[in-house]
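> I grabbed these lines from TrEMBL:
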TRANSMEM  17-34  transmembrane segment
TRANSMEM  54-74  transmembrane segment
TRANSMEM  86-106  transmembrane segment
TRANSMEM  112-130  transmembrane segment
TRANSMEM  151-173  transmembrane segment
TRANSMEM  185-206  transmembrane segment
TRANSMEM  262-281  transmembrane segment
TRANSMEM  293-313  transmembrane segment
TRANSMEM  325-344  transmembrane segment
TRANSMEM  350-374  transmembrane segment
TRANSMEM  386-409  transmembrane segment
């Protein structure tokens, strides 16, 4: 086993498998609340049919996520990663619980007041996501590639899990009174529990694993200040003479220009994906034999293949490490735009399901390839900074994609 720099990790260190599992659960917790919102879109379309929930809620979520990560990425060298990640998981727990309480208190009624309340909670989701995603990616970039791959697999697993649960709850409750709402309440309860579990795992389990302590101590010796609180939680005190080492690291500007292809690649990947998913799949795929199940099936296929694809780079012969190769693969995804347009207009639902599966497959695969390749060769503080920069471009791509998604409505005359 080697770290991000290719240096061998001492064999005596224990806890690698446990760390991989914990990273997966933390990734799950990072997006399970938001994916719950996306997956139960049919419920919100029933409550707010005139307000384009899939598009509006995503458009509310992303500016708060992007604005928060921009501030945190700029200040990353001075921010305590432990406090940052715990703040994010706590915000997710409180806001998911608030969403559950709002639905129970209003008895699942529609109306502009309830819609605004949901939008406010979604904005908090965005702030929480920026805290965790940038914090975790920066932190795991200090460690071995398997950890960051597992975290990203957990992000995708949140979508696959919510899709599977949505299909089961729709099948179980579809014919009962208020069946759609019962499924949503169950979803929100499960999401709230997962967020609470993530708080416990990150606060009390992850920092005490020997392999995690090793990588964080190594980063601290290279001048990283972001790991100090996590090391203290594990009973390791760091010396306070790392200022000179911190000054010797590359600046964020230098890191950006050295990795501009990776940053642009992540941006383009998520611009393309979010210009189609989820809004286009909910509103622009027409009526089909599957009826109300159609959008749910499409979202599920995207999520399942996105998850599967994030494990493919673990097979070395299937992993793209060439920077030029990654850019070619990323740019070629632009062909999805005409493909989705003509399939929605003229194609069969089987072709749409296949296209959606390929969208998820390429999204997950390219995400892991970029985020595991980029930190190699840098020191701990630089790896943390680069991880935050890449997440900034990821969220920027999501925001741009969500904005462009509205062009499908304009093109179809749906306004």
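Cβ atoms here come from the backbone N, Cα and C positions, even for glycine.
For each feature listed, report its degree of burial, its nearest neighbours and the pertinent distances within the displayed model.
For the transmembrane segment (54-74), same-chain residues at least 6 beyond its ends with a Cβ under 8 Å from one of its own Cβ atoms are 34, 37-38, 41, 44-45, 84, 118-119, 122-127, 129-131, 133-135, 252, 274, 278-279, 282-283, 385, 388-389, 391-392, 395-396, 398-399, 402-403, 405-406, 409.
A Cβ distance under 8 Å defines the sequence-distant neighbours of the transmembrane segment (112-130), meaning residues of its chain 6+ beyond its ends; these are 30-31, 33-34, 37, 44, 47-48, 51, 56-57, 60-69, 72, 87-89, 91-92, 94-95, 98-99, 102, 106, 391, 395.
For the transmembrane segment (151-173), same-chain residues at least 6 beyond its ends with a Cβ under 8 Å from one of its own Cβ atoms are 23-32, 34-36, 38-40, 133, 136-137, 140, 179-180, 182-183, 186-187, 190, 293, 296-297, 299-300, 302-304, 306-307, 309-311, 364, 367-368, 371.
Proximity of distant same-chain residues to the transmembrane segment (325-344), defined by a Cβ-Cβ separation under 8 Å and at least 6 residues beyond the stretch ends, is recorded for 261-262, 264-265, 268-269, 272, 275-276, 280, 284-286, 351-352, 355, 358-359, 362, 366, 369-370, 373.
Counting only same-chain residues 6+ beyond the ends of the transmembrane segment (386-409), those with a CB under 8 A from a CB of the stretch are 52, 55, 58-59, 62-63, 65-66, 69-70, 72-73, 76, 129-130, 133-134, 137-141, 252, 255-256, 259, 262-264, 266-276, 279-280, 283-284, 367, 370-371, 374-375, 378, 415.
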> Count, for each of 17-34, 185-206, 262-281, the Cβ pairs lying under 8 Å from the transmembrane segment (86-106), and report the range with the highest count.
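That would be 185-206.
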